[in-house]
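Novice: Pasting a structure here, questions to come.
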Ligand SMILES: Nc1ncnc2c1ncn2[C@@H]1O[C@H](COP(=O)(O)OP(=O)(O)OP(=O)(O)O)[C@@H](O)[C@H]1O
């Protein structure tokens, strides 16, 4: 098992490549650190810091109040008391630049706050939930974006008065759609990621999933957008003041530009100071946006999933709740699943499936692609894709009827009674969080443990799935571990609340042959030691022969044959099972019934 661990060098662990990526040493973490390591990022951050400090500390460093004037000193050049000289009304230019910065930057900040408050939550909600809110929000955003901003601002001034702060609020509303579109687009993409489904399957609520997995993805682009929109807001505000649309009496960089322009023939230097302040601030913001983008791009690529199972289960239309006593841990009777078609009809994809899993046994659900295995498993877990629903039948998990269960009850069932091990281990781990953090989240949620207790439990789980050096693994990110380890982590996650039933959907498909055998051994050991019932969804008869006690063969949405593995694989009765067996090209003997590694070595 240790063979599939990533190698370690003095420079740090050599990481398993992300899908489609290549191995690389662990990079220092922290977007801020990466921004500051970039010379442009460091320069722009320093510049912004100086500007912000200067305007915030204006009352301490400005020689006089921004409105204090002495007409006798009008147009005076620089002097010891007034380093930048005086303007046309005999006011100190340095004081006006510093105080003007407060109003200009404060106004931009107000516009930005309004835009963020309107655009980000609505974009999150529309992207994650879709539906009518998404349609209405998109329609509204298109409408706002179609409005000519300058005309709206001029009209607002005429209606609401020449107050620069009110104009900034209007500007915030006009800019909000840019945040909405950005966030909505990203969230709609992330919603389909397997690690988001995995979080759902682990029983986390939508609010927790958004706060944890979705916000972390959108925060980078939002930071970049904030830098760009700040620049635009500052420039627009200055433009309005320059045109004389602002309040006039308030010191702003735009108002200073206006005044300087009127006196450009007499003292051209007047235009330099507000122009420099505006230029430097905008330059720093643009450079900062570029540095943040570069820092984010430097991060490990986010693996994209091929399969998408986006939405939770729908209800039951007609559930035959036959109350026959059953000892099985999982008992499925007459299960039918259908998808709504655009023409209003239903397309049935699973037609009356019967299936039992008893405690302490592994049941293989086998069949070729499209035979309905995953639909059956998803129905049990209550995670059928959008449009799919259980139309008939009953699903009893540990005596509890799961068909027609509310989403809330299904979440509790998934978290505590039934664990789920997906295929594609890498895609089911969020690249933004450490392994420890991802294991601890559902544990804390379901078991109400403290952070410390959850960390101890996570450690125990990693030991349970035989991950060497579990303390170190807890601190690693998904791109720093191999596919085999990632699958062990997912099995650990599925075991976190000590479930009685484990549903494993093609858990070894994405792994190489040696790691496949190790993962199957692990499942077999957990089943033996814990008396787990396991439903193993697979298309691989070798896997069935290797670990399953019983097997059900599925074809075109129906179970065509079921029985003990020996029976079904040894004397298949159904022609479809015989075809499946005949199609197994690899005629190498399968391993003997499960033995632990030591026993196998001893018998070898
Ligand atoms: N979202 C959907 N809308 C309509 N039909 C669907 C949808 N998802 C699956 N189906 C149909 O359900 C049937 C069974 O699919 P299912 O995913 O259960 O197959 P499977 O046996 O698990 O195959 P695989 O191993 O390739 O996943 C297929 O005919 C498929 O076309």
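Glycine is no exception: its Cβ is also placed from the backbone N, Cα and C atoms.
No curator has checked TrEMBL annotations; they are predicted automatically.
According to TrEMBL:
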COMPBIAS  1-14  compositional bias 'Low complexity'
REGION    1-27  region 'Disordered'
TRANSMEM  40-62  transmembrane segment
DOMAIN    101-289  domain 'ABC transmembrane type-1'
TRANSMEM  105-127  transmembrane segment
TRANSMEM  139-159  transmembrane segment
TRANSMEM  165-183  transmembrane segment
TRANSMEM  271-292  transmembrane segment
REGION    299-322  region 'Disordered'
DOMAIN    332-581  domain 'ABC transporter'
Novice: Could you name the stretch, out of 40-62, 139-159, 165-183, 271-292, with the greatest number of CB pairs under 8 A to the transmembrane segment (105-127)?
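Specialist: Counting Cβ pairs under 8 Å, the winner is 165-183.
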Novice: Mark yes when the transmembrane segment (139-159) and the transmembrane segment (271-292) have three or more Cβ pairs under 8 Å (sequence separation 6 or more) and no when they do not.
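Specialist: When sequence-distant Cβ pairs are counted, the transmembrane segment (139-159) does not touch the transmembrane segment (271-292), since fewer than 3 lie under 8 Å.
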Novice: Near the transmembrane segment (40-62), which same-chain residues lie under 8 Å Cβ to Cβ, leaving out any that are not at least 6 residues past its ends?
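Specialist: Hits for the transmembrane segment (40-62): 34, 92, 94-95, 98-99, 101-102, 105, 277, 280-281, 283-285, 287-288, 290-292, 294-295.
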